[in-house]
Amino acid sequence: MIGLVIDFVKCYGKNTLPEYIAAAIFPFLYFPYLGFKKEVVYTPPKIEEGKKSVRQEWTEAIGFAVIAATLIRWLIMEAYTIPTPSMENSLLVGDFLFVSKFHYGTRTTTTPLQVPLTHQKIWFTNIPSYVEWIKLPQYRLPGLTHVKRGDVVVFNIPPRELNENVDYPVDLKTNYIKRCVAVPGDTLFIQDKQVYTNGEPLPNPPEMQYSYVVMSDNRINDRNLRALDLGTEDVQGPSQQNGKFYYLMFLTKERADALRKLSYIKSVVIENRNEVDGQIPYSRYYDGAAGTSEKKYSHWVTDNFGPVWVPKKGGTISINDSTLAFYGPTIKMYDHNKDVKIENGRLYIDGKEVTEYTFKQDYYFMMGDNRHNSLDSRFWGFVPEDHIVGKAFFIWLSIDRNADFLHKIRWSRFFNLIR
């Protein structure tokens, strides 16, 4: 098909690689453009006396396919898969989806010397797929829209320890997928599991999940779990106590209600994640006055968090020990400052003390729909704008890896739009 397109544009005197790419990727724009240009004349193809060798034809075809696929992957759309249950039940482990790059604007690469169609490593090896001999500044091309609350977004996870403790370039950091719950300039807090932005409750995703403690008279077999559409990633346990079986299950409200109707289920109780476990807040990089982070933020837990202001480009905060305990990691690692030190509740940039700080880019607060089983902004902080990859668009394939052969493919999820 691509070969036919190229042969066709050659008849109009278009013989350069950029013209081939424009015709192959944007034919609906490029062909009308040619049609309205008076100086462009159609010339029938010449019959070639010689014939290309099979090797030459295959080399040209593969080369062009790689170039076209690389450009499509960078400019328009890229395929991803869901490896963890953090977005269940909206997105399932084994979902394959396309992510739109042009919705929020395509990012230019910072690492041009990379093996095509790879991410961090060459396929099936631990060999890095890139070299940093050339580093380019990152820009974002104009997009259709900005990230909105409720969007399902793919982004590069910021913290180093979630990137195999490797300092990858921004565009090669590990990809995560979450739902945006707060945009730049928003004030967010979570009260009794409900997310609020700017004082208003944020609509909950229809397939949002929480963790429940389920008590049963009997061990629940796989057939019954499958009837409730529960996979191995949704169920932990059982543990046995006083003749009862206890499970920890990650459920939607509808599935929890369905479980309660079963005769052998004695109770289904939602967990309250109000324990202080030392993981929240996320400012574990803070090196200011000892104990400030613990004193101010230790009562912030998974189900009750905030309030927190989400930094926006041009927004200014006063610098003190409390604000540094929360925003210090962001200022130090992600806001494009070269020399940052935080000492005794004071911020120094390029050797000078700063009493107010103005953020240089926008940030977002992301959460998984599986609210009690998601490593998200509650744990590791804000997502910088330059880490945004694209908008999750639709599911093109879904495979249940734990199901038997006849139930392996989830046919009902094919070509579902992601909401």
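Positions of Cβ are set from backbone N, Cα and C atoms, glycine also.
All annotation found in TrEMBL is predicted automatically rather than curated by experts.
For the recorded site, Ser86 (active site), the DSSP three-state label reads helix. Positions annotated as active site by TrEMBL: Ser86 (among others).
Under the three-state DSSP scheme, Lys178 (active site) falls in the strand class. The local packing around Lys178 (active site), expressed as other Cβ atoms within 10 Å of its Cβ over all shown chains, amounts to 25. What TrEMBL lists as active site is Lys178 (among others).
Positions annotated as domain 'Peptidase S26' by TrEMBL: 56-214 (among others).
The domain 'Peptidase S26' feature in TrEMBL is assigned to 314-396 (among others).
What TrEMBL records for 20-36 (among others) is transmembrane segment.
If you look up TrEMBL, you'll see 57-76 (among others) marked as transmembrane segment.
Summarising the environment of Ser86 (active site), the number of other Cβ atoms within 10 Å of its Cβ, over all protein chains shown, is 23. A straight line from the CA of Ser86 (active site) to the CA of Lys178 (active site) spans 8 Å. Broken down by DSSP into helix, strand and coil, the domain 'Peptidase S26' (314-396) contains 20 helix, 34 strand, 29 coil. Averaged across the domain 'Peptidase S26' (56-214), the predicted model reaches a pLDDT of 91.
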